[in-house]
Amino acid sequence: VKVPEPFAWNESFATSYKNIDLEHRTLFNGLFALSEFNTRDQLLACKEVFVMHFRDEQGQMEKANYEHFEEHRGIHEGFLEKMGHWKAPVAQKDIKFGMEWLVNHIPTEDFKYKGKL
């Protein structure tokens, strides 16, 4: 999936769950803000929205007994581990990796739970 320019959520990333779609928008906004204002505070804010979203999404999956929950949680943990190594100012290649990861994760992994939560 191509990284949208400007980097922003659009309807092609809609999961049909309003709360998840709203949180996905915050992930796009967090990475975009980090690319524009590459500060320690922005990095911490970006990490925080990812942690909160993954917690919320995984909670919804667990509640629905989603069959791919463990696998999906592992993918989230892998991303957070990579993000945990980022230091401000974050290298552009790392921000680009985060953007590419997000635009691929939603349609390949998150879309698997459409209609199942």
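Glycine residues also receive a Cβ, built from the backbone N, Cα and C atoms like all the rest.
As written in Swiss-Prot, here are the features:
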BINDING   H24, H53, E57, D110  Fe cation 1 binding site
BINDING   E57, H72, H76, H105, D110  Fe cation 2 binding site
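Here the features listed in Swiss-Prot are painted onto the structure.
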{"residue": "H24", "record": "Fe cation 1 binding site", "DSSP (3 states)": "helix"}
{"residue": "H53", "record": "Fe cation 1 binding site", "DSSP (3 states)": "helix"}
{"residue": "H72", "record": "Fe cation 2 binding site", "DSSP (3 states)": "helix"}
{"residue": "H105", "record": "Fe cation 2 binding site", "DSSP (3 states)": "helix"}
{"residue": "D110", "record": "Fe cation 1 binding site", "DSSP (3 states)": "helix"}
E57, H72, H76, H105, D110 excluded, remaining Cβ within 8 Å of their centroid (Fe cation 2): F54, Q58, I75, I106, E109
Just counting, how many other CB atoms are there within 10 A of the CB of D110 (Fe cation 1 binding site)? 19
Excluding H24, H53, E57, D110, please set out which residues of the same chain place their CB within 8 Å of the center of the CB atoms of the Fe cation 1 site, keeping sequence order. T15, I20, E23, L27, F54, D56, I106
Using a 10 Å radius around its CB, how many other CB atoms surround H24 (Fe cation 1 binding site)? 21
What whole-number Å value do you get for the CA-CA distance of H53 (Fe cation 1 binding site) and H72 (Fe cation 2 binding site)? 13
Length of the line joining the Cα atoms of H24 (Fe cation 1 binding site) and H105 (Fe cation 2 binding site), in Å: 11
Including all protein chains displayed, how many Cβ atoms other than that of H53 (Fe cation 1 binding site) lie within 10 Å of its Cβ? 19
Tell me the Cα distance separating E57 (Fe cation 1 binding site) from H105 (Fe cation 2 binding site), rounded to the nearest angstrom. 13
